[in-house]
Each structure stands twice: as structure tokens, then as C-alpha cells.
Amino acid sequence: MDDDFDFPAAGAMNDEMKDDMPYDDPVTVKVGEEKEIGSQGLKKKLLKEGEGWDTPDNGDEVEVHYTGTLLDGTQFDSSRDRGTPFKFTLGQGQVIKGWDQGIKTMKKGENALFTIPAELAYGESGSPPTIPPNATLQFDVQLLSWLSVKDICKDGGIFKKILNKGDKWENPKDLDEVLVNYEVRLEDGTLISKSDGVEFTVQDGHFCPALSKAVKTMKKGEKVILTVKPQYGFGEKGKLALGDEGGVPANATLLITLELVSWKTVSDVTKDRKVMKKILKEGEGYERPNEGAVVQVRLIGKLQDGTVFTKKGHDGDELFEFKTDEEQVIDGLDRAVMTMKKGEVAIVTIAPEYAFGSTESKQELAVVPPNSPIIYETELVSLVKEKESWDMNTQEKIEAAGKKKEEGNSLFKAGKYFKASKRYEKAAKFIEYDTNFGDEEKKQAKALKVSCNLNNAACKLKLKDYKQAEKLCTKVLEIESKNVKALYRRAQAYMHVADLDLAELDIKKALEIDPDNRDVKLECKLLKEKMREFNKKDAKFYGNMFAKLSALDSKKSAPREVEPMVVDSKA
């Protein structure tokens, strides 16, 4: 059993623990002004402003110049006199507490005078012979620089010391392809490996696990030194020398100098790894094509063996123009282009399911065989977005909703339920907010809302998304409580998720409203069969359960067998 530890009383915590608690509140001081830091008597007077806004943190390696004096002006120490800056790791107890707390508030190049009470300095004992007991000290400190050191895995396995800060704020993700330079040494300085211009996918890693862990925390152009413990290096087994690379002993700590030169962003367009987009050149701004946008692209389509089967917009040819989400190009290309910005160049790799499928396709330059993955090099040259609802007047919204509904109907009839569902959703969004509509327009909008949500519910039933089908029917019933189609389709959704009681309520209500409705009657018949089947299963289940319980009870209550008494014939 673990030992039980008592929590200190509140007063005890205040007296004993607060000294060790980090001070994180921002301290704003003007030149010449003095302010208290925290609540333990530490004071800071700003002598010279620093640069920027960044300040060091616990674990960072700081470099300072300082002069230390007693309150009467007696100097007891000075790095300036020695001509050598003082370096230490912040927040690790390598210096007095007043320094750890005060220097965390400084910016690069800042000069400040700290007045440090004895409790945050050398206390009752002092530091003979130069510092007497219970002495309040003053330090004139200039923060020259610092190197950020981060425990990137939060387990002490990889420490990252930043030598050069990178650009911007983005970091590579698992799917991205990074370009790095690195050098690996043992703690004694032995060179193990050195490579420039190495490219790898972050999630696949390279050399040892530490590299992929580290690059995910780095910015473009950042250069760092990693201290890598064995669990993120080569562990208990080490690594044999191979080619130009030296061997790594078992349980060795590695020192890796790593520079993130650049990376190419790779995204999973369809979230199933079947349409992957790698950006070769970033686009402009933030706008991307929406559904129905008119786009112009340059593209080259290739098979995996490099065979070019289409080339458009190159060598002076006219740009290829199409309308997104209108099935004018293969699905994978359509979806990828809708994630691009103007001017973006990308490699799009498309699995057969989102390309030409299981049929052969004759293209202008070559035949694409059945079940072929394909690759497009694509540049989005221009885009004209389809008008959004907030840019439309009331009548335009109603017309746009009607048009999307008709498109949805055509797609539904063609068995393209996913695309049809998207059209109905877009149609409903155009007329979702009708507070500014006139009476006649509200009437039109209401009829469109009802039909779009009902049709979308039919799509969801086909797509086996029964929860969404139920929600869409409920929306309709909030507008028209006696809509038989909505009751009928909601009952179907309930039946598919075995919510038979709710299905029965909807069927009964639908038959009350329209007793002769053939579809509802058929559904009622199906429901009764399901309920009988369900009841049979229930009866069998409970019958078996009760039989087992009964057998168990019988076994418990049965009298024990008694050995027959032996009669002594001689008695």
C-alpha cells in the first residue's frame, strides 16, 4: 500500500512553498521606475529598455553581465570586472532565487537594478566573508542573450536548444515532407553521421526517432542542438557502423545539430489517404474556390510510371476551365482544386476510387488503364467564386435555392446520393434566415425548406446516415407537424436503429392523417414484422436466462446426499 501524505496547512504552504513557486505575472516598468516583483520583497528598477517583447523561461541558458553590491555600496562581485559574461540555466536553482525570479522578467539587452531581500539571496547564513548574514543585496544586471531550451517530449528524453530562430510561426505536420541538414555526435564529440539536404516525410522519420519529434516543433530556417536520451536514439541495442555512419554504443546519449531548411505541406484532401495534395508553391491570400466556382488551371496528368495522359494550359495552350462540384472533372481533382489558393502549384495523387475507377479511360495523350492511381501537377491560375448567400438579395436567394434543389433532384435520380445531399444542404442554407423576407417570399422559402430537408432525408436514408435523416425529418415536422412524408421517413430512420416504439408512434400518426397511404401501410406491415421478430428474440433471451437462473437455484436448494447408516448386525 502506498504511503499516505498529509497536505500542509494553508499557512504552512504560504510560508514554506511560495518561495519555490515561479513568478509568471508580467511586470511593466518604465526607465527609472522601480516596481516590486511578486510578494516577497524582490524589487526591479529599469535602467535601460530591452529589445522586442520576448523574455527567457525556465530551462533557458542565459548570458548576463552583473555587478553585485551591499546596500551601503560595497561591491562583492562583478562579471564586468572579470571581462567574462556569466552563463547559467534559468529556474534550475543554479543561482539565488531572486535571480531566477527577476531575470525571467527581462528582455534581450535590458539593464536593470534588482534589490533582493535575504530570503531570496543568502538568508541567515550569508556567504562569508563577502556577504554578511541577513543581507539585502543589489545586482546591476544586463541580459545579453539566451538560448531557449525546451523539453519537447515532456519526459526529459529530448532537450532542444535553439541556436537560430526560424521564420513565421508554422510547424511541419506528420504528412509533410521536410528538408533538413543534420550532424550527430556522441557526448565525447565522436562524429556519427552528417548529412545535408536530406528529405523525408515527418511521420516516417529518418535516422532516429528524435528527428521527426524535433522537426514538428521547429519553424522554417530554425537551427537547434538536440540532447537525445537513448529512448529517442538507439536504446539498449545501439547501432552498428554502416558505410559512412559510425556506430552508436548501447544506451548512448546523442548530440544532434539540426536545421530545418524548408518543407512541403502535404494534406489528406479526402481524409482517407486516397487524395493527397503536396504543395510545391504556396498560393496568394486566403480565398479558395467554393462549390460552383469557375476555375482556370494548368495541369499535367500522369500515370505512376510517368506516362503523360493529359496536358492542358502549357506551351501556349489555352488554360483549362471548369466549374467545381459539377462533375466536369474527376472527383479527386475537383476536391483538390477546391482546397487551393490562386497561384498555388501542387502535386495531387489520386487513388482509382476518386479517379477513373475500374474502367479504362481514353484521354487525349494516352489510355488510363482500369484501377490506375494517377498524379496531377496542377496550378490554380484564377478563380471566380459562386455568389454566396450574404451577397444576394431575397429573390436571388430563393432562385438559387430552387436551382440547387433541382440539381439535387437530378443527382438523386442518377443514384449520386452524396452529391445530391450536398445540393439540398446548400439550397436550405440560402433560405435558412428569412427574417427580412416578405410574406410571399416566406411562403416560397417555407415550401423550399420542407422539400429540401425531406429530399435530403431520403439521401441520408440511402447513405445509411439514419441519425441525420431523423434530424432532417424533425426539422420538417417543426414547420409542418402533419407532414406524412416526414413522419414516414423518420419512422424508417427509427426502424433502422431499432427504436421501434418511436417508429410505431410516427406510423400511427401518419395513418391517422392519411389512412390510405400505400407506402405508410407497407411500412406499418414491416414494423409489425420487426416487432414480432424482436419480441421472439426477447422471449428467447429471457427464457434462456430464466432457465439458467432456475437451474442454478435448483442446484443450490437440492438436499445433500447422506451416506446410508451402516447397521451393526452384532448389536
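Placement of Cβ uses the backbone N, Cα and C atoms for every residue, glycine included.
Range 1-24 is the one annotated as region 'Disordered', of 1-24, 97-120, 169-192 (source: TrEMBL). Secondary structure of the repeat 'TPR' (484-517), assigned with DSSP and counted as helix (H, G, I), strand (E, B) and coil, comes to 27 helix, 0 strand, 7 coil. Mean pLDDT of the predicted structure over the domain 'PPIase FKBP-type' (292-384): 96. Helix first, then strand, then coil: DSSP counts for the domain 'PPIase FKBP-type' (59-147) stand at 14 helix, 38 strand, 37 coil.
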